[in-house]
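TrEMBL has this to say about the protein:
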type	residues	note
ACT_SITE	A:His362	active site, tele-phosphohistidine intermediate
ACT_SITE	A:Cys737	active site, proton donor
BINDING	A:Arg468, A:Arg524, A:Glu651, A:Gly672, A:Thr673, A:Asn674, A:Asp675	substrate binding site
BINDING	A:Glu651, A:Asp675	Mg(2+) binding site
DOMAIN	A:330-410	domain 'PEP-utilising enzyme mobile'
DOMAIN	A:429-774	domain 'PEP-utilising enzyme C-terminal'
Protein chains: 2
Amino acid sequence: MALAWAIWALNQLGLYFVAASRLMFAIAPAQGKPLLSKAQASLLVGKARWIHAVAERGLPVAPTIVITRAAWEELQQERSNGGDTLRRVWVATLFKLVKPGTTPPELVVRTSANKHIAGLQSARVGLAAPGKEMDAVDPQRPMGKAIQAAFASYGPENAGWAGDAEIERRRNELVIVQAMADGTIEQFLSRNLVTGGFGPVPMQGAKLPRLPDIEPLIETLDAVSGQHMAVLVAIKPNEAQFLSARPVEVSAGAQLEAAVDRVERKIWTPAQAVKHFDSTQLPQLLHPRLATRSDAEPVGVGLGVSPGAASGEIVFTAEDAARCRARGRHCILVVMETGPGDIEGMKAATGFVTARGGMTSHAAVVARITGKPCVAALRSLQIDPVNGVCKIGDRKFAAGERITIDGNEGLIYEGALALSRPHIGGALSRLLDWADDSRTIAVRTNAETIEAARTALSFGAEGIGLARSEHMFFSAERMIALRRLILSENEHDRATALEGLVDYQAADYAALFATMQNKPVNVRLFDPPLHEFLPRSDEDIEDTAASLGLSVKALKARLQRLSEVNPMLGHRGCRLVITYPEILAMQIRALVAGVETAMDNQDLPVNLEIMVPFVTSAREVSWVKSRVNEYIGNAEIFQRGANVAFGTMIELPRACLRAGDIAKEVDFFSFGTNDLTQTTYGISRDDAPAFLASYHRKALYDVDPFVTIDQRGVGELIALAIERGRAVNPHLKVGICGEHAGDPTSLRFFAGLDIDYVSCSPYRVPVARMVLAQS
Amino acid sequence: MALAWAIWALNQLGLYFVAASRLMFAIAPAQGKPLLSKAQASLLVGKARWIHAVAERGLPVAPTIVITRAAWEELQQERSNGGDTLRRVWVATLFKLVKPGTTPPELVVRTSANKHIAGLQSARVGLAAPGKEMDAVDPQRPMGKAIQAAFASYGPENAGWAGDAEIERRRNELVIVQAMADGTIEQFLSRNLVTGGFGPVPMQGAKLPRLPDIEPLIETLDAVSGQHMAVLVAIKPNEAQFLSARPVEVSAGAQLEAAVDRVERKIWTPAQAVKHFDSTQLPQLLHPRLATRSDAEPVGVGLGVSPGAASGEIVFTAEDAARCRARGRHCILVVMETGPGDIEGMKAATGFVTARGGMTSHAAVVARITGKPCVAALRSLQIDPVNGVCKIGDRKFAAGERITIDGNEGLIYEGALALSRPHIGGALSRLLDWADDSRTIAVRTNAETIEAARTALSFGAEGIGLARSEHMFFSAERMIALRRLILSENEHDRATALEGLVDYQAADYAALFATMQNKPVNVRLFDPPLHEFLPRSDEDIEDTAASLGLSVKALKARLQRLSEVNPMLGHRGCRLVITYPEILAMQIRALVAGVETAMDNQDLPVNLEIMVPFVTSAREVSWVKSRVNEYIGNAEIFQRGANVAFGTMIELPRACLRAGDIAKEVDFFSFGTNDLTQTTYGISRDDAPAFLASYHRKALYDVDPFVTIDQRGVGELIALAIERGRAVNPHLKVGICGEHAGDPTSLRFFAGLDIDYVSCSPYRVPVARMVLAQS
């Protein structure tokens, strides 16, 4: 037994020795190329990675070795035990810094972290090389002291927080020991901060000396890091010896230009350019701007600290911002300054204005991260949140009044000015085209107006995944027509109201089909949650009564009868056409007429998809399908080649569970993730602000489930529905609509499901194209 | 090949011959006992079954044989082919009707259906026995003609409707051929129609002659049918020869008394009595009645056509009834007459009044089936549905006014009179006690008042499965206290409001615990959907403002801020205590104080279960649990032996999906099937009447999912949650609360799940006890 234990112990020590000895090695030896095992190469992060890559390419690099925390601690352990086995390895490694036949150079000790950590020790230079072997491990001697301090600067142990992976990561933290170079030390940028153009570019306006043969070095760093780098070199007459580099943050535009340039220089393949691009940066490239320099006089001038322009209602608190956003309205958060407690409101606001702060204030930083415009340091701003008013100079604004802000110029305007939305071109367009080569899931858009459809097409949308037919009635004149329908009390009134709607709808559909040519257009049958379409204010009720030829009292009585306790779960979706089939008949008539008109003017067949919303069972789907077939009949459009598919929105938990039955009846499923999230969580999005902020503060939800899809709840239902649907109908087409289809994290999850397309808002189409290509 | 085919064909014929010959046999031969194969016995339905059972016991029966449709058709086939193989079997069977050495008797031909079918041929008597063998199969001769007509009277073939089972059933339809008996023919009832007492009982007031040794006959019929029977016998001086019998419909009370009497007479075991009892009849036994013959003068007198009494708001249409019911209120449907189109409204109403009709009118029949009181033929009733008013005699009532109806006496009273609710005793109590012996799932009740708890205990409830703490505030005085809390705008106001609530709650809890002794009491933390607890009418708002010391304007502003678009999915359940932990602290204080007071006065320890409602994730549960533990601390109640368990309501789809995480945090799950149905279907129960009736008319839903659990959707989620919960926490206790726990069909489904208890409203406790015993 004792013998067995001894053998085991020796083995453990032996293994550990082997392991520790492999954790100190040269990444740029004074002579020859670096020779690393796979395990060693995988340890390299940050500077060590760049140095190794440059050395491997045979470019001049100051001799450099690395050591891990595990190896350094083991050396210290051995030292206190009086051993020397590992120390010999370490000394041998140190000798890799010395060109044979020369004296050991002075040394530099650097940290090499993957990400920037506050408090990391900056480089210690000019350290004397250890005079004796014992000095090489002595934490009192200059080099050992610097190494010890460098490891300490990584911060205290955080084990237990993320378990074994975290312990392992900490054991592998690196310190770099480098031979101190001769010559002048120079620093430059690998690429231009604004244009992304190839460097060298001076750091701070200073002129650069001649940097001999620098292009291969920049190319190497570009290829390995895929980032803009601040590069440190030692200049000798005919050589720039690489010392170190660190990444610098730049605008999305500069990143984009750099990525495309790397492909042109053959540093990257197009696929690499796509893979490396940080798609969360994309929305920044699509910022709106003020349409033209209008005649409007700004009411205030501050500091433009985050680019883009936005208009919206003034709100003074995070909670009001969340509430405003939840109701689908844009708002500008106007405050003295922001802090971490305001994050929820800032997510909800379209832009920020602060009286205090500047380029590096909390508001400015958050604005740039989230890609929203921000005007800071608006000194003329006074706020009276109790009474819900503010003053900008002499002009008084109440909460709810609209302003427009220009985050480029730092200007505030009264009212909602016209904004020009960017179109994709140049570098972005090329990158997205490359992205499309490695993408298998189609990207469509949610649109019902010609303008939105055109914008989406310019962004590369491959069809319409959700045309909310009831949204076509958002203009005042049409709203009256829709209200006439909703408020009708008998079949005769309803028939009259429907007649009035057919022409509007037919013309709208014709224009939409013409715009999309033969790309698929998915039209969702009427789904008006009543409360969104009925008049609420007294003024609105009076106007509506007048236009409908009703007394105010009679209208109020009808509104009372129609009022619902929980309209989100009320008489909507397919329930509407099942109770009033004449509404379905009207819509089908309008669709068929729209297809006919469009095909009169184009050669390509229209690709129409008819979608039934808010179903809970196969029988509802089957009932609507047979009515649709009856109403379409043998429409002439079929002889002319039009395609008509029939499918359902899957947006209720029961529809997911019964997907196997439902799939037998349909050509496609489209997941409505907004309503599915509302019902799976039992949370009304409109009412969530009252408690969601508190939930986030208490870390009860990881993400806002209305922004990023809840993979472990809603996601399971989606995956289950796809599996059950495909099991009975292998040809079932599957899409995702709803706002999650424009969120990068959600898109990565959707990419792992067996789906055919996603459909998002027009401005999110590029994000979806990029993320799906990367996933 | 030809040979093989011939062998096959012969075999087929042979088999068929054997099969057909077994389908004509004696169930009461003239001599000896019937000898049936298992297959033959399994064919017997209706009269044939009773006759065979009586004959088998050796009691006197007129000789009887049966023949199936398949055999009769095969006989006809053979006859047209000129064969005689089967005919010989048939003639031999006919000879079983003849006592050896006597001449063949005249014959009777009867049908023998399992259920009553309209148009069935009544008995054909006095038919001459076939004179020649050929006559036995000749459909022109008297006996053959009667057999042919009897089969025809079963109606036309209905194959394809229910597939193979239906075809098989039809092939096995029976016709009885019986030897015509001597003596006087008499008919009597096996048991008393009202009391269920053992017969013989005369049919229509007529006096019965002496029926010699009739008890064994009635016992036999009782044992086999488990029903009241109308029995046909032929009386000879010393013998009552059994001819035939048919079941008669009787009241639930008579059925119940008969079942208990059968056990006393050892005709049935207690388990058989339980198994045979039709539990859908139970609610009828629990009908409320007018408390005492009050001084109130009826405003109208009609015909009492369905027993029980009820009070509620007057409604004039099915839709208003559904709406009223959906809002949790009782209503009386007042109409000229009802028809099939009114079924939905009739389901929703608590009672019916009709101007027309009588004992057999549509309203009367539906009322008796559904166990609701009904007054018909109220001639003094006039209705003006357009203006929403009616007149009963001279008294005018508007929709919404309350009336009370007495369906026993046919009387209508103004206002809501006191009703006395029945208590279980006598026969029902004995049957339920027997039921308990074969029941493994406990039955608890949903109750928060002492009165409800006592009622439930008297009905055999084994604990409280759901005490809705917010319902304790339904009295006017307490409602003000609760509103003060809900409307508080800062922590100070809220703290004051909470102080006011603690005493009410502590006293309520103490009384509830004392009532339940050491039976488990499950208290759900506050779950007030705001709209149910806030003032709505102008009058109510004025009163509330006055009692809170607020201006009406200020109160309206607060109400406006609190108003929710979808309150069902809003700021309720655990969301309330997470945003306002002081509400949780108050409730725990009140609970601990309640336990202390109760235990001061009793020896048994209190068994408290604390339940968190409306959770979506384990983190919410864990957060609330740690606060509960903190607030309870080392309360003295634990030293005194009180048990406190902690668990959650599972009532949202996400909670079902994440049940594995949640189960780690809790002692029990209780499924809230009402909210789970609302969210799984995306249907607000309050708003469903606008479309559910149309859904039922179009047969889109098999059942109302708020009455009978949706097994294939909601049920799957429940089963999945139990599986996931038990997988990580094998000791997890699982219950079902919600109205489905009182519905027989739903209970049978729940019995198949791995659950520990159900909890239903007090009056449904007997139903749950019975159904769970039968399942």
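Note that Cβ sites are derived from N, Cα and C of the backbone, with glycine treated the same way.
Curation plays no part in TrEMBL annotations; they are all automatic predictions.
Location within the structure of each feature annotated in TrEMBL.
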| residue | record | Cβ contacts under 8 Å, 6 or more apart |
| --- | --- | --- |
| A:Arg468 | substrate binding site | A:Asn446, A:Glu448, A:Arg524, A:Asp527 |
| A:Glu651 | substrate binding site | A:Pro613, A:Phe614, A:Phe671, A:Gly672, A:Thr673, A:Asn674, A:Asp675, A:Leu676, A:Thr679, A:Gly738 |
| A:Cys737 | active site, proton donor | A:Asn446, A:Gly465, A:Leu466, A:Asn522, A:Met649, A:Ser670, A:Phe671, A:Gly672, A:Thr673, A:Val758, A:Ser759, A:Cys760 |
PLDDT averaged over every residue in the domain 'PEP-utilising enzyme mobile' (A:330-410): 85
Secondary structure content, the domain 'PEP-utilising enzyme mobile' (A:330-410) (per DSSP, counts of residues): 18 helix, 29 strand, 34 coil
Sorted by sequence, non-A:Arg468, A:Arg524, A:Glu651, A:Gly672, A:Thr673, A:Asn674, A:Asp675 residues with Cβ within 8 Å of centre, substrate: A:Leu466, A:Pro613, A:Met649, A:Phe671, A:Leu676, A:Cys737, A:Gly738
Within reach of chain B, those binding-site residues of A:Arg468, A:Arg524, A:Gly672, A:Thr673, A:Asn674, A:Asp675, CB-CB under 8 Å: A:Asp675
Listed recorded positions (A:His362, A:Arg524), ranked by Cβ neighbours within 10 Å, top entry: A:Arg524
Pairwise Cα distance maximum in Å, substrate-binding residues per record: A:Arg468, A:Arg524, A:Glu651, A:Gly672, A:Thr673, A:Asn674, A:Asp675: 15
Greatest C-beta neighbour count within 10 angstroms, which of the binding-site residues A:Thr673, A:Asn674: A:Thr673
Neighbour tally for A:Gly672 (substrate binding site), based on other Cβ positions within 10 Å of its Cβ: 25
Conformational class of the residue listed as 'active site, proton donor' under the three-state DSSP mapping: strand
Neighbour count (Cβ, 10 Å) for A:Asp675 (substrate binding site): 24
